[in-house]
Amino acid sequence: MDGGKKAERPHSDVAEEDPGRQGALVDEADGNEKAPRRSKRVASLDVFRGLTVALMILVDGAGGEWPVIGHAPWNGCNLADFVMPFFLFIVGMAIPLSLKVHPVSLELSVRIPDRCRAARRVVIRTLKLLFWGILLQGGYSHAPDELTYGVDMKHVRWGGILQRIALAYLVVAVLEILTKDVKIQDQSSSGFSIFRMYFSQWIVPCCILLIYLSLVYGIYVPDWEFRVRNVDSPNYGKVLTVTCGTRGKLNPPCNAVGYIDRKVLGINHMYQKPAWRRHRACTDSSPHEGPFKDDAPAWCVAPFEPEGTLSSFSAVLSTIIGVHYGHVLVHMKSHTDRLRQWVTMGIALLVLGIILHFSHAIPLNKQLYTFSYICVTAGAAGVVFSILYFLVDILNMSYAFAPLQWIGMNAMLVYVMAAEGIFEGFLNGWYYEGTNNTLVYWVRKHVFVKVWHSTRVGILLYVLFAQILFWALVSGILHRAGLYWKL
């Protein structure tokens, strides 16, 4: 995206084309070269991206009524906890496709012809992601419920979804540019050849994991204090102290991830309503949000950044795993070989992560972005993508997933307008007599909640039809017009 919407033809973006379905064709009868085949976009990657955006809309809109799909209060992994790793996996998978060189013979050159130009493009895209991330989640926008805008720069939030994606994209894309520098043969039937081929790239995630584990288990976390900013709290304005004085803990108040964020970002620039507010130590309504217990510990009302410094550092691993899946797509031409590699790695990661969690070695924790969480979510992403690839790109069932594919091809638009509530915020600005009497409120209450006589069911159906399906149809119309909003 160049700061706004941009018209493109549906297949003009070569960033996500299947290299196994492009290039010159040779007539086997007479050996004459035919005209080059039109590139075919990897439709399953669009579907997977659309599915992830739809999941984000679902968990943000209905997670409050259905805690099983919302974020886990601390340890554990609910549906919402798969969204961020899926995004990072997709970003990683697209990187080898966007930086590839089209094959011109049996030998595939993977040298980047203009490193500076490629790096400049990566940096510009990173800056765009950071800009939109801070604008949408930094506190400036109060959509869709509050008809105000603006943020005190003393309390702007620096972390967020797009900010984490920007960091992971920058690190992994630069790594891909720097290491793509050798010529390799088509590896359609190899086992670990792609791992060997990109051995230097795997050194980086190993170093990241080693540094992350060293900091998480090695840093001493002292006592800390904060000022309560929630105006509804009886302790509003008071300075509360959290007692720690320990190291190696992965509990909410005394982990090294939060300690580093308080030092690097500053406690005023962290997320003020973390998921741990629904922790059983904080409220009797857990896993629902509810009033705090009378004896709730002080940290229940403290800020915590779920997209913070150290957790974003380890989140790079999710993107690197996605890059490996992209390498398989680039270098292997057989559907069977691709699926074998993807499914094997996906299942192996799932098993490893589950073992780490249930053996109490490393718990699944999205807030800390633990290694077991990386394994489970990346493994799930690999398995889900493999299923979609089989159905969409092999069996050609893309028609059954068309709404998700349309969302995936206009993911930024749907994310901004639906997931971040900008469109609903605009509609809420047109009210009658009172700010609670808006079109959005009326449709949700009278078309969904009252018809089903259930707030939980009504809100779920509202999100599915009035948000996800609505934006799928809008994306489909834009797709037919060849209009896409890209970074």
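Quick reminder: no glycine exception, Cβ is built from N, Cα and C everywhere.
Pulled from TrEMBL, these are the features on record:
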{"type": "COMPBIAS", "residues": "1-20", "note": "compositional bias 'Basic and acidic residues'"}
{"type": "REGION", "residues": "1-37", "note": "region 'Disordered'"}
{"type": "TRANSMEM", "residues": "42-62", "note": "transmembrane segment"}
{"type": "TRANSMEM", "residues": "82-101", "note": "transmembrane segment"}
{"type": "TRANSMEM", "residues": "122-141", "note": "transmembrane segment"}
{"type": "TRANSMEM", "residues": "161-178", "note": "transmembrane segment"}
{"type": "TRANSMEM", "residues": "199-220", "note": "transmembrane segment"}
{"type": "TRANSMEM", "residues": "312-330", "note": "transmembrane segment"}
{"type": "TRANSMEM", "residues": "342-362", "note": "transmembrane segment"}
{"type": "TRANSMEM", "residues": "368-392", "note": "transmembrane segment"}
{"type": "TRANSMEM", "residues": "459-478", "note": "transmembrane segment"}
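Below 8 A, the CB atoms of the transmembrane segment (161-178) and the transmembrane segment (368-392) form no more than two pairs separated by six or more positions in the chain, fewer than 3 in all. Between the transmembrane segment (459-478) and the transmembrane segment (342-362), fewer than three CB pairs separated by 6 or more residues in sequence fall under 8 Å, so the two stretches do not touch.
When Cβ-Cβ distances under 8 Å to the transmembrane segment (312-330) are tallied for each of 42-62, 122-141, 199-220, 342-362, 368-392, the top count falls to 368-392. Here the transmembrane segment (368-392) has long-range neighbours at 42-45, 47-48, 51, 77, 81-82, 85-86, 89-90, 93, 209, 212-213, 216, 250, 255, 257, 311-312, 314-315, 317-318, 321-322, 325, 335, 338-339, 342-343, 345-354, 356-357, 361-362, 398, 400-401, 405, meaning same-chain residues at least 6 beyond its ends whose C-beta is under 8 angstroms from one of its own.
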